């Protein structure tokens, strides 16, 4: 693990192509955002009435080189200055994910850089904590409160699927689920939602912590920052082999529930090349307290 001074000097390129925005950013290990570039596909969304995966893939392919180069230029750095490359490997549209991963591996191979596979939703959560160096948070307290709420209402959860529960039981479950919600990503950029959450927080003597709206929607900053956290923890892939074929089939994770990788208090290193179990930073924190 690098020293605090060495970690602060890290330079991470983050690449995001999980859906309909082509994004890249360069972030320093101390949290300074050196550049942020996003190419929107808003015109395609209007034309097709939503995200058309094949059209989105083509748009990513057309934009990715220019977006990444502009991120490097705006940061006044070159690939040789980078410490590593971070890229979204899931969840998302596989056709779109492949574009970003291919670009990241191409850079990593050409400049012999480590590469970090990032969970898109984990990155959205962690960008809220960018100002906290240890990124030390978990949902343990929240889960405890959910458990206590379930126990206080005498709900039996032992092998009883929601489809087999009584009407009253289903309503109680729905009420509990609606009472415990975590807001991040695009939802957190909604000013109406933010305003009312802030009112609730102030009423209860709490502080609402939200990233600026530009960091709530898909962006490269959240990928770079999550990549930094993983890189410091020693969780990254070695540079791709010089003879790695350009048409290599990568281990993408289009469906990747956040937290599924945590099991029995143990965490297994992630890799984009093999179908391993992929741990989240939150699971690492949870595992460290067991």
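Even glycines carry a Cβ here, placed using N, Cα and C.
Annotation comment: TrEMBL describes 32-129 (among others) as domain 'Gcp-like'. Summed and averaged per residue, pLDDT over the domain 'Gcp-like' (32-129) gives 92.
The domain 'Gcp-like' annotation in TrEMBL covers 131-225 (among others).
DSSP assignment over the domain 'Gcp-like' (32-129) gives 60 helix, 20 strand, 18 coil.
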